[in-house]
Amino acid sequence: MILFISDVHLAPQAPVVTRIFLDFLAGRARSAEHLFILGDLFEAWPGDDCLDQGNAGEDSFAADIVAALRALTRSGVGLSLLHGNRDFLLGDSFMAGCGARLLADPHVLSLPTWQFVLAHGDALCTDDRDYQAFRALARQDDWQSAFLAKPLHERRQAILALRQQSESAKRGKADFLMDVNPAATDDFLRAHGYATLIHGHTHRPARHDHIVDGIHVERWVMADWTDQAGECLCWDGETLTRELLT
Ligand SMILES: [Mn+2]
């Protein structure tokens with residue numbers, strides 16, 4: 001059985017979500033062959049050096065999450081992650097610490113009985129030009145090395161400022177800007193062999209039916225996690241099922 005989760009948005013300020021996530025790792029996730037995390041596991045990620053001793057500050061939040069993921073992979077569960085728009089700086093040290101594999105976004109997942117394509121989902125929100133411009137910039141090696149060269153506290157500040165900007169911009173944004181673009185999505189499904197798409201990012205959980213070139217393609221959008229509940233998708237080899245996690 002394979003499990004998918006997305007948009008957990010872990011943060012020290014969200015203890016209930018953290019508790020639901022840690023329970024999930026120690027419980028439900030243990031019966032899976034593999035867990036796929038489709039981006040935005042963390043609300044923010046300033047760089048893997050936040051895990052270094054001495055940098056953790058007063059709490060060891062990030063290190064505790066790594067330890068819990070490590071315990072999962074040590075128990076024999078495979079773990080793969082995609083970057084989200086919040087945690088695209090998750091790097092090699094984080095992956096090694098967890099025993100996880102970083103996947104390119106999108107990732108084609110070919111299973112014996114079905115073909116999936118996994119994505120965070122932000123790349124399909126092409127109507128939001130401002131965001132796409134930032135995404136293109138921030139995914140460049142030059143930009144990332146320059147950013148990571150700044151002191152950790154400066155990076156944390158910069159991320160906070162960016163979040164505030166984006167929150168206030170969001171309030172003025174039309175609804176469609178924050179969802180996937182239909183034509184871009186159809187092109188994407190066509191380019192990936194009409195595989196079942198699973199993504200998160202939009203926080204609009206649903207199962208959409210697309211007809212592309214006369215072919216029926218399913219698109220599953222995963223929920224973000226809140227203080228009320230988290231969500232995983234379970235593939236048992238035949239069907240996908242949503243499971244509520246509390
Ligand atoms: Mn996102």
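Glycine residues also receive a Cβ, built from the backbone N, Cα and C atoms like all the rest.
Listed in TrEMBL for this protein:
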- Asp7, His9, Asp40, His203: Mn(2+) 1 binding site (BINDING)
- Asp40, Asn85, His120, His201: Mn(2+) 2 binding site (BINDING)
- Asn85, Arg86, Asp128, Ser166, Lys170, Lys173, His201: substrate binding site (BINDING)
- 2-205: domain 'Calcineurin-like phosphoesterase' (DOMAIN)
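Non-local contacts of Asn85 (Mn(2+) 2 binding site) by the CB criterion (under 8 A, 6+ apart in sequence, same chain) comprise Gly39, Asp40, His120, Asp122, Tyr131, Arg135, His201. The Cβ of Lys170 has fewer other Cβ atoms within 10 Å than any other of the binding-site residues Lys170, His201. Nearest by CA distance to Lys170 (substrate binding site), out of the binding-site residues Asp7, His9, His203, is His203. Listed in sequence order, Asp128 are the same-chain residues six or more apart from Lys173 (substrate binding site) with CB atoms under 8 A from its CB. Among the binding-site residues Asp40, Asn85, Asp128, the residues whose Cβ lies under 6 Å from any atom of ligand 1 are, in sequence order, Asp40, Asn85.
Counting every protein chain shown, the Cβ of Asp128 (substrate binding site) has 20 other Cβ atoms within 10 Å.
Taking only the Cα positions, the spacing between Arg86 (substrate binding site) and Asp7 (Mn(2+) 1 binding site) is 9 angstrom. Taking the Cα atom of each, Asp7 (Mn(2+) 1 binding site) and Ser166 (substrate binding site) are about 17 angstrom apart. DSSP assigns Lys173 (substrate binding site) to coil, not to a helix or a strand.
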